[in-house]
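Record features (Swiss-Prot):
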ACT_SITE  E160  active site, proton donor
ACT_SITE  E375  active site, nucleophile
BINDING   Q19, H116, N159, E160, N297, S428, W429, K435, Y437  D-galactose 6-phosphate binding site
Amino acid sequence: MTKSLPKDFIFGGATAAYQAEGATHTDGKGPVAWDKYLEDNYWYTAEPASDFYHKYPVDLKLAEEYGVNGIRISIAWSRIFPTGYGEVNPKGVEFYHNLFAECHKRHVEPFVTLHHFDTPEALHSNGDFLNRDNIEHFVDYAAFCFEEFPEVRYWTTFNEIGPIGDGQYLVGKFPPGIQYDLAKVFQSHHNMMVSHARAVKLYKDKGYKGEIGVVHALPTKYPYDPENPADVRAAELEDIIHNKFILDATYLGHYSDVTLAGVNHILKVNGGQLDLRDEDFAALEAAKDLNDFLGINYYMSDWMRDFDGETEIIHNGKGEKGSSKYQIKGVGRRESPTHIPKTDWDWIIYPQGLYDQIMRIKKDYPNYKKIYITENGLGYKDEFVDNTVYDDARIDYVKQHLEVLSDAIADGANVKGYFIWSLMDVFSWSNGYEKRYGLFYVDFETQERYPKKSAHWYRRLAETQMIE
């Protein structure tokens, strides 16, 4: 049976400032930690990326032509405040006014994120969100943007608080490249959630007319053997690290006893302690019912096995299938069932995980109000032939996830939109330019755009709301 989506559904495309804009030092933009980190550690940089800084009229025209009626955009904090605070860069402000005006001209609703992995270097080198001073700087930056850009009706504070802490302090593939420091992971999560809560409260106190929420990456965690209590425990602990800790902060305003017990166990085994203050919980409590929506980024699920050994994580950044490894002392190790497909980057393709995660939110956090799927898509080594890409695998991936999304809506979840990652091909943080996600192929040499087969399929989807 062909499944469908609601008439008022947003069919969106997602981007991010640093991954799309290029122009990393143009018109007064301040540096971010990624600039030097990529030069020192990787075989690529974010220059020129998709040159969205200059090409956004082209991309938004394509969006309109292909039925995309929403776009995720992030503001580069260091375009507005080159050092993260203090003097405003007027050219950065002007750019975003022009960008949002073009969105509305093209009838593509902008969903705007304040922070997408790109803290200004001056603040990042001073501890990023481990430094509580940067909570204040973020709230000041948010306050400026809320006041300056009334044309924005949908705001999100952060993109993927979980993967920021993981990337910076656990896997070590984000600057500053620290590995296996679980205390820093949790402290980063916590301080960013406090920053989120304070920005949301400020937005509501000021009486702005739009909506505000947060985008969380929520990979669903399963026990490898559901009959084995040790595997079940491993999945629970892994879920606390990546999902439950930040969801509790978002919607409970505190950490449940189960969550705190799990965190304390992990830190007892791995070392470290957290700085959790009364004023932090006052901020979380004040904002827990003020979020207008939750953005869910979902790409994959994980299966966990019991593990008794030392932490070791190997990141598959080059698309060499089977080269990744993930095991955490006192938590567990990832091992996927052999019958479940995965990408060349070892990302497990499991649409049911999206359904399960949505229904988990509905059950455990009933004050969620509404959900947007703010990222979902297939990274692939696209083959450019005849001025297009015949990306049937991407179409199949998106179709399967939209079908379970339709099921979740039928089962009572309030899901209002879907943003494919990504609108056009962009640069990937730890994979460079080989891993493509876009509806539109970007020739990174010429910056020409070419619709892929998936773009034509997505247009039909948006026109009919039928998942075919």
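We number each residue from 1, going along the chain as drawn.
Using N, Cα and C of the backbone, Cβ positions are placed for all residues, glycine too.
Of the listed binding-site residues, namely Q19, N159, N297, the sparsest CB environment within 10 A is found at N297.
Spatially, by CA atoms, the recorded positions E375, W429, Y437 include one closest to the residue listed as 'active site, proton donor', and that is E375. Fewest Cβ neighbours within 10 Å among the binding-site residues W429, Y437: that distinction goes to W429. Annotation note: Q19 (D-galactose 6-phosphate binding site) sits in a helical segment as assigned by DSSP. For E375 (active site, nucleophile), the same-chain residues that are 6 or more apart in sequence and have a Cβ closer than 8 Å to its Cβ are A14, R72, V215, A217, G295, N297, Y298, Y299, F419, W421. A coil conformation is recorded for W429 (D-galactose 6-phosphate binding site) in the three-state DSSP classification, outside any helix or strand. There are 25 other Cβ atoms within 10 Å of the Cβ belonging to E160 (active site, proton donor).
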